[in-house]
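According to TrEMBL, the protein carries these features:
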- 55-576: domain 'Major facilitator superfamily (MFS) profile' (DOMAIN)
- 54-79: transmembrane segment (TRANSMEM)
- 91-114: transmembrane segment (TRANSMEM)
- 121-139: transmembrane segment (TRANSMEM)
- 177-198: transmembrane segment (TRANSMEM)
- 210-231: transmembrane segment (TRANSMEM)
- 251-272: transmembrane segment (TRANSMEM)
- 284-303: transmembrane segment (TRANSMEM)
- 324-345: transmembrane segment (TRANSMEM)
- 365-382: transmembrane segment (TRANSMEM)
- 394-415: transmembrane segment (TRANSMEM)
- 421-446: transmembrane segment (TRANSMEM)
- 548-571: transmembrane segment (TRANSMEM)
């Protein structure tokens with residue numbers, strides 16, 4: 001906390017004013033350490049959120065458009081086109097893997113650092129990393145440079161996941177899902193929603209580099225908007241007596257290095273396996289063994305020796321299973337299904353239905369539009385749903401979302417072999433996007449159960465778990481698909497060849513199989529010596545084989561989805577705390593950005609009216625505080641006390 005933040009704009013800081021502000025803010029932070037009690041004791045009857053807060057929310061949302069909607073979702077749909085120019089098609093998995101490795105490791109680190117150095121600083125660093133990564137990607141002349149760019153962008157995205165914590169603490173508890181929905185809108189509107197069509201359009205009519213060019217402009221806008229509009233409390237843990245140098249010295253460096261290294265090594269091993277090296281190769285086995293071991297050692301150190309641990313033990317105590325740990329499991333398992341399907345479904349469209357890139361992009365629209373609906377519009381009305389659907393609280397909305405993912409992914413098995421174009425689009429479009437709804441509700445629920453001083457850390461590890469789950473899911477489901485398709489394509493193609501007399505020997509069959517696979521994905525110079533009827537028969541046999549492989553794939557999602565559903569049923573419902581309580585608001589800033597002299601401490605409901613020229617004194621009648629809990633609130637407090 002800089003002392004000039006307590007002074008008037010253009011004037012000298014007043015020591016008494018600064019000390020009073022500091023004490024008020026520290027008291028507010030201590031008050032928020034028990035989020036349940038704080039919500040029930042500080043629940044105003046009326047609540048107002050000013051225009052500056054909404055503007056800051058939009059700035060936070062814009063920040064996630066470039067690293068996720070554009071350079072991840074959109075770019076990944078045209079990686080084959082990218083490699084046609086820069087080469088290195090065998091390294092395509094590393095383009096996705098580099099982003100996943102970096103984001104998974106940076107999400108937890110960014111959350112931890114934001115609790116110490118403030119969310120604004122971490123989000124600005126994230127925007128800067130994305131901006132630099134986009135410039136690097138736009139000027140790349142080799143696949144290795146693109147991989148490096150994606151790693152930088154993924155690291156920035158991991159830091160920017162802290163926007164979820166930043167948004168939820170600024171709005172009333174009842175609007176937490178709405179806050180996450182607004183941030184999620186920055187990914188989906190319009191970028192992720194039109195990602196397939198946009199990427200294929202720019203690749204066809206301009207250049208794939210335009211994905212990066214747009215991302216450069218968008219990330220620059222996000223940086224400027226965040227710098228101008230977002231001014232939260234600078235020290236979420238209230239350690240105003242420490243200098244920034246002291247904070248740096250007291251960081252958990254051993255935990256940071258070991259946990260980050262463990263995640264990087266583990267996810268790298270998952271990316272290497274099955275693509276760059278076989279699963280039994282030493283370069284695959286070693287990371288899969290060393291990564292988890294390093295990660296476990298880092299966690300043990302944090303829970304036993306660290307003075308300022310990166311992973312606080314209290315978040316993983318038995319009482320926190322239903323409040324936090326179960327949510328981690330839900331996101332990990334659901335993320336396995338979502339990230340794997342997000343990668344494999346466009347591939348399925350290519351292998352089973354069409355080789356036209358624009359049509360594949362159009363086929364993805366039901367999926368992305370559903371993500372927009374469940375990730376943005378549903379959260380906006382989440383707090384109103386119980387009024388119209390009794391007992392459908394935020395917990396049960398998550399259960400419904402998770403159940404829909406399980407059911408519709410399982411039903412998708414009926415859309416293939418024989419392949420049904422519209423059923424494939426519809427069923428996967430209803431199942432896969434439910435992860436977005438689950439994610440939004442997870443951030444909203446977890447934020448109401450964890451101490452505010454650890455909010456960034458807790459929500460950061462939600463991002464780590466969903467990204468790591470995605471990496472595990474990509475490895476598991478890619479392996480299932482590859483092994484199944486390699487076996488079944490030969491089984492389905494051989495009878496067709498024998499019937500048509502196209503492959504008299506095993507050597508001829510193996511060559512024909514390779515040519516037929518290439519022809520099926522749009523290589524025009526293959527099978528030219530065969531008649532159109534034979535080529536059509538071979539293509540139909542191959543598409544049926546791929547359909548069977550996807551049927552096995554869809555069935556394989558069921559056990560992971562069921563585990564996630566069971567954990568969702570265990571989650572502690574925070575509905576009783578979804579009221580008008582606000583944890584923290586932004587400073588009131590003057591023309592030069594300094595905090596106004598008469599601005600009260602940025603704590604909760606007492607300062608919800610940014611237009612006020614003096615601290616709330618209870619005389620104006622526009623805001624009534626319930627400092628003494630109501631009878632029903634006291635009952636909830638009694639239950640909370642007994643559970644401790």
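Numbers here mean position along the shown chain, with the first residue as 1.
The backbone N, Cα and C atoms fix where each Cβ goes, and this holds for glycine too.
Distant neighbours of the transmembrane segment (210-231): 52, 55-56, 58-60, 62-63, 65-67, 70-71, 74-75, 78, 120, 123-124, 127-128, 130-131, 134-135, 137-138, 149, 166, 198-199, 202, 586-587, 589, 593; these residues of the same chain sit at least 6 beyond its ends, with a Cβ under 8 Å from one of its Cβ atoms. Long-range neighbours of the transmembrane segment (54-79) within the same chain, counting only residues 6 or more positions beyond its ends whose Cβ lies under 8 Å from a Cβ of the stretch, are 92, 95-96, 99, 123, 126-127, 130, 133-134, 137, 150, 153-154, 156-157, 160, 163, 166-167, 170-171, 179, 182-188, 191-192, 195-196, 198-200, 203, 208, 211-212, 214-216, 218-219, 221-223, 225-226, 228-231, 342-343, 346, 357, 360-361, 364, 586. If you look at the transmembrane segment (394-415), the same-chain residues 6 or more away from its ends with a CB under 8 A from one of its CBs are 177, 330, 334, 337-338, 341, 374, 378, 382-383, 385, 423-424, 426-428, 430-432, 434-435, 437-438, 441-442, 444-445, 550-551, 554-555, 557-558, 561-562, 564-565, 568-569, 571-575, 578. Taken together, the residues of the domain 'Major facilitator superfamily (MFS) profile' (55-576) have an average pLDDT of 92. Between the transmembrane segment (365-382) and the transmembrane segment (177-198) there are at least 3 Cβ pairs closer than 8 Å, counting only pairs 6 or more residues apart in sequence, which means the two stretches are in contact. Residues of the same chain lying 6 or more positions beyond the ends of the transmembrane segment (177-198) and with a Cβ under 8 Å from any Cβ of it are 57-58, 60-65, 68-70, 73-74, 77, 163-164, 167-168, 170-171, 211, 346, 358, 360-365, 368-369, 371-372, 375-380, 382-383, 394, 436, 439-441, 443-444.
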